[in-house]
Amino acid sequence: MVAGAALPEWGTLPAAYGGGAAAAWQQLKSPVVVPLLRLSVAVCLAMSVMLFAEKVYMTAVVLATRLLGRRPEQRYRWEPIRDGAGGDLEAGGGNAAARYPMVLVQIPMYNEREVYQLSIGAACGLTWPADRIVVQVLDDSTDPVVKELVQLECERWASKGVNVRYEVRDSRRGYKAGALREGMKRAYARGCDVVAIFDADFQPEPDFLHRTVPFLVHNPELALVQARWKFVNADECLMTRMQEMSLDYHFTVEQEVGSSTYAFFGFNGTAGVWRISALNEAGGWKDRTTVEDMDLAVRASLKGWKFVFLGDLMVKNELPSTLKAYRYQQHRWSCGPANLFRKMLMEIVRNKKVTLWKKIHVIYNFFLVRKIIAHIVTFVFYCIVIPATVLVPEVEIPRWGSVYIPTIITLLNAVGTPRSVHLIVFWILFENVMSLHRTKATFIGLLEAGRVNEWVVTEKLGDALRMKMPGKGFKKPRMRIADRLHILELCVASYLFFCGCYDITFGNNHYYIFLFLQSIAFFIVGVGYVGTFVPHS
């Protein structure tokens, strides 16, 4: 980037452009603003290079894995469990009862009025010997009507011969982790070998256990088999399409790389099967962060256990389609990992059961680059620092840092969802907007401040939306202004718009094209005009 030679200095502009404020700015700019901005540019460029290297590395690993045909079934022993074949996880299975391991299926719920029938029905429909499976519905609902509905649904399946247990507790202490921990204390649960976990909106196919459990049966070093998510409402609105692009990259690249190289990745909290002995050895469920699933995965990995990801096994589930639900989810997913990193850094460093390379992978690749730097550099660099250089032409950003690296990173992210490549510009703008929320949450987690342990269950709509929106004559519901306005996003929108106006008036960087588009995106989210509007009548 080359600054325009004719760009006027604020101190020389007429009073109409700032007067005393412009003079004060000129006094501060050279001794304070310019050095700080140059330092910010240097730090952001360094973080961009780290993120770029990580993206290129992961893409290369995925390509190599696919070219070499390194499927999970080839890296680990897998064969179906048949009648008469020993299948006991903990000892040699010689008797008929031990041919299939005992499976516990846990479904944690909290006021899941819209989806409880789907999830319970899917879990009760899993094909597995009836005497070797227990479906455990862990209901933390506070709505008495919902609790009654869930209990009746469990009783309905029990009357069909399914071993389904309806469990409640006195408080929601520990939220999801607390519910799963309490469920494991039941006498019938202690007799199980593996546990499959499904959130309330997940619908596994009937053969799910037959495709996952054999990995645990035949490979004693494996602790976790993780399936991929398939989104039933990805086409509901533009916001869900953007989420699909981000999450598809997470599964097809990040999870695949972790599985094929280090046999480690973060458990997604659902659509996975755990070896219960590994879960217990790792210390069980803990509620010290809002990512109890990632916490468990890291602790199990430090005990020497391995994980496998099955990219071709998909479990249906629902994306949050309202902005409010999505913001709460992203706060939890950004704050939790940063807080867990703070809590576990030294534990990982001191661990003696895993190799140095695995420690480096967990600390640097998994936590530092993907969970912290990725959020911070996206917002600080693209939404704060680059726009600021428009106002301070003394600070230049090399084109490789402002154009080439971001372009390559964006293209590499797009490989996860080829069908949405034409939406890549919208995805960039939306991700930059959400990076504000994620960066704030990341710092809350690192500093262990404010809303660090806030847990809000992601709202699921199920079929309710289609029932409430009958079609042509439907009018979008009105919402109170206070419920829709997001002040931080509107402030950033104003800042970007001002920088864009300044650039188009005095500069020649042509950043204004990006600045205006990004300003519009922040404004749209700032006034809440994104996602699905749900009538509450």
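Using the three backbone atoms N, Cα and C, a Cβ is placed for every residue, glycine included.
Unlike curated entries, TrEMBL annotations are predicted automatically.
Under the heading transmembrane segment, TrEMBL lists 39-68 (among others). For the transmembrane segment (39-68), the residues of the chain that approach it from at least six positions outside its boundaries are 252-254, 256-257, 260-261, 365, 369-370, 373-374, 376-377, 380-381, 385, 388-389, 395, 397-398, 401, 405-406, 408-409, 412-413, 415, judged by C-beta separation under 8 angstroms.
Residues or ranges marked as domain 'Glycosyltransferase 2-like' by TrEMBL: 195-385.
What TrEMBL lists as transmembrane segment is 372-392 (among others).
According to TrEMBL, the transmembrane segment annotation covers 404-430 (among others).
Taken from TrEMBL, the feature transmembrane segment covers 485-505 (among others).
Within its own chain, the transmembrane segment (511-534) has Cβ neighbours under 8 Å at 236-239, 321-323, 326, 382-383, 386-387, 390, 425, 429-430, 432-433, 436, 461, 464-465, 468, 476-477, 479, 483-490, 492-494, 496-497, 499-501, 503-504, counting only residues six or more beyond its boundaries. As annotated by TrEMBL, transmembrane segment applies to 511-534 (among others).
Sequence-remote contacts of a segment are chain residues at least 6 beyond its ends whose Cβ falls under 8 Å from one of its Cβ atoms, and for the transmembrane segment (372-392) they are 1, 10, 29, 33-34, 37, 40-41, 44, 47-48, 50-51, 334, 337-338, 341, 402, 406, 431-432, 435-436, 438-439, 441-442, 446, 492, 495-496, 499-500, 502-503, 507, 509, 511-512, 515, 518, 522. Mean pLDDT, taken over the domain 'Glycosyltransferase 2-like' (195-385), works out to 95 on the 0 to 100 scale.
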